[in-house]
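First comes the structure, then the notes that go with it.
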C-alpha cells in the first residue's frame with residue numbers, strides 16, 4: 001500500500017524530456033560557473049594570493065562549524081529582527097526546495113537506475129510533500145514582505161536598484177510556477193494522499209472548478225512545467241551576475257573572516273625594504289578585501305550604526321565597500337587604458353576616509369563580516385606614508401608626538417608633574433612595584449583628566465596596591481598615530497615604550513584609557529611587548545568583589561554609562577562598568593537607548609580628537625542629546641577621549657548646570 005503513496009516524477013512528459021533536460025541544465029550551470037569564475041578573477045587582482053591555501057584541520061573545522069552555524073541559524077542576520085525574519089523565510093524556503101530537488105535527483109539518477117531502490121514513497125513522501133509545500137509558502141511570504149519593506153516602507157538603510165526588483169519578481173515566479181505545476185498534476189490525477197500537499201491540493205480543486213477539461217489541463221501542465229524548469233535554471237545562472245551572488249560570496253567571506261584579535265591592526269613590516277605602504281590603488285588591497293565587495297548585500301546595517309553617517313558626515317561604510325567593488329570591476333575590465341584613481345574623482349573622497357572614528361560599529365553589525373574599518377586605515381596609511389596627504393591640523397599632532405611623545409606638545413619632562421603632590425611612586429625610584437599604572441597622555445597633561453588620574457591613585461592606595469608609574473619615561477602609546485595612518489611613528493613610539501618597560505621588568509599594567517589599554521594589550525605583542533593588561537573598570541570591579549575597597553559615602557545622582565568603543569566593541573567589556581555603578585550607594589543607573597554593541601561613539605577615536613569636526617553635526621552632541629533625552633544627570637565614562645568630547649558637548653549645549661560628565665574612577669573614589 002505504501003508503494004502507491006508516491007508520484008511519477010516525470011508525469012505527463014514525453015520520454016525524450018528526461019534526455020534533453022540534462023544538456024539544457026548543463027548550459028545554465030556552465031553560465032553559473034563562468035560568472036563565478038569571472039568574480040574570482042577580479043578578486044585575484046588583490047595581493048596575498050597565498051592565503052587561498054587551506055588552513056590546518058583544526059582551524060578548518062572551526063571555520064566550517066562557525067560558517068554553517070551562522071548560515072543556518074541566521075544568528076547575525078537576526079540581530080535586526082524584522083529584516084532578519086524576512087531573509088530567514090526566503091532562505092529556508094528556497095533551501096528546502098533546493099534540497100527537495102536534490103532528493104529527487106538522488107532517487108531518479110542514482111539509487112533507482114543503479115540499485116533499483118526507490119525511497120520517495122509512503123510516509124516519507126507524505127512528509128516530504130508537506131515540508132516542501134510549507135517551504136514554498138515561506139518563500140512566497142518572505143518575498144512579499146521583502147517587496148513591502150523595500151518599496152512601501154522604504155527604510156533609509158536600503159537603496160533600490162532595478163536588479164533588486166528583478167531578483168524578487170523572478171524568485172516569486174519560480175515559486176508560483178512550482179505550485180502551479182503541482183496543482184495541475186493533482187487536478188488531473190486526484191490522489192487522496194496529496195492532501196499532504198495542502199497548497200497544491202487547494203490549487204488542484206481550483207483548477208477543477210475552472211472546468212477546463214483533462215486535455216486542456218494536461219497541456220497547461222506541460223507548458224507550466226517547462227516554464228518552471230527554464231525559469232528556475234535561469235534564476236540559478238542569474239545568481240552569478242547579480243546581488244544574489246552573495247549566496248556564495250557572503251558564505252565564503254564568513255568562512256574567511258578574520259579570527260585574529262579584533263582590537264589589533266596589522267603591522268607594516270620591513271619598512272626599509274617595502275616599496276608600498278598602505279593602499280593607494282585597488283591592487284594594493286588583498287584578494288580577501290576585494291571579496292568583501294561581492295559579499296556586501298547592501299543591507300545598510302553598517303551605515304545605520306556609523307556615527308559619522310548618522311551625524312551627516314560624508315562617510316558611509318556601505319558606499320566605501322561598493323565603491324571598492326565598482327573600482328574592482330573597472331580595473332578588471334581595463335585593457336591597458338588608465339583607470340580612475342581609487343581615492344578622488346567620482347569614487348571615494350578624502351573627507352570620507354578622514355571622517356572615520358574607527359569605532360568598529362560597521363564591522364560589529366555586518367552580518368557577513370566585511371572589514372570596512374581596516375580598509376579605511378589602509379587607505380589612510382597610503383595617503384600619509386606614500387603621498388603625505390592628510391588634514392592640515394594633523395601636522396602639529398605628528399610634530400608634537402615626534403618631539404614630546406604626546407599630542408599636546410607639552411614638554412616630556414612635565415609628564416609626571418601632576419603626581420608630585422600626591423606622592424605617587426615612580427618606577428625609577430621604586431623598582432619593586434607589582435603593578436604599573438599607565439597614566440596615558442590625557443591623564444598626564446589634560447587638566448580634566450588629571451583629576452581622574454588622581455582619583456585612580458586614591459583608589460590604588462586605599463586598596464593597598466603596590467604600584468608605580470613610569471613618570472617622564474612614559475611615552476604616548478601611539479594609538480592615534482597608528483589609526484591616522486602614520487604607522488612608522490607608531491612603531492617608533494611602541495618600541496621605545498617596550499624598551500623602557502623591559503628595563504623595569506614590567507609584567508602587569510593598569511590602564512585607564514581604553515585606547516592605551518587596547519594598544520598595550522593587543523598591539524604591543526606584535527613587537528615583543530607581552531604584558532597582562534587590565535583596564536581600570538576591570539581592576540575596580542575586582543577590588544570591589546574581593547573586598548579590597550568598599551563604597552561608604554553616597555553619590556546621589558542618575559547616571560548613564562557611555563560605552564567606550566575601544567573598551568566595548570574592541571574588547572567586549574560591557575558589564576563590569578555597569579556593575580560598578582550599581583554598587584555605588586545612592587546612584588541610580590540608567591542606560592542609553594544605544595548601548596553595548598550598538599553604543600554610539602563620542603567622536604574622538606581614530607585620531608579624530610586631533611582633527612576639526614566642521615562637517616555635519618558634532619558626534620558628541622548627538623550622544624549628549626541622547627543623555628538629555630533619558631534624563632541623566634551624569635554621563636559616566638571610562639575613557640579620557642570620551643570625557644573630553646562629551647564634556648565639551650555639555651558646555652556647547654548649555655547643560656553645565658544640569659549635567660556632568662564623570663569617569664567611573666571619580667565616582668568610585670568619591671564613595672571611599
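Here the Cβ of each residue, glycine as well, is placed from N, Cα and C on the backbone.
What you see is a predicted model, and the numbers here were worked out from it, not measured in a lab.
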In TrEMBL, which of 80-106, 242-268 is tagged transmembrane segment? 80-106
According to TrEMBL, which listed range is transmembrane segment: 42-62, 168-188? 168-188
TrEMBL lists transmembrane segment for one of the ranges 2-19, 20-37; which is that range? 20-37
Suppose you had to name the range TrEMBL annotates as transmembrane segment; which of 126-147, 192-213 would you pick? 126-147
For the transmembrane segment (20-37) and the transmembrane segment (223-241), check the count of CB pairs under 8 Å (sequence separation 6 or more) and say whether it reaches 3 or more. yes
Grab the same-chain neighbours of the domain '4Fe-4S ferredoxin-type' (287-316) for me: Cβ-Cβ under 8 Å, and only residues 6 or more beyond its ends, written as numbers and ranges. 39, 42-49, 51-52, 79-80, 83, 155-159, 243, 245-246, 249-250, 252-253, 256, 322, 324-325, 328, 349, 351-353, 355-357, 359, 361-372, 374-375, 378, 598, 600-601, 603, 615-619, 621-622
If one takes Cβ-Cβ under 8 Å and requires six or more residues beyond its ends, the residues near the transmembrane segment (80-106) are 9, 74, 120, 128, 131-132, 135-143, 145-146, 149, 171, 175, 178, 299, 301
What else in the chain is close to the transmembrane segment (126-147), if you only count residues 6 or more beyond its ends and a Cβ gap under 8 Å? 5, 85-97, 100, 103, 120, 165, 168, 171-172, 175-176, 178-179, 182, 193-194, 196-200
Average model confidence [pLDDT] within the domain '4Fe-4S ferredoxin-type' (287-316): 97
Please list, for the domain '4Fe-4S ferredoxin-type' (287-316), how many residues fall into helix, strand and coil according to DSSP. 18 helix, 0 strand, 12 coil
Three-state composition of the domain '4Fe-4S ferredoxin-type' (345-376), taking helix and strand from DSSP: 15 helix, 1 strand, 16 coil
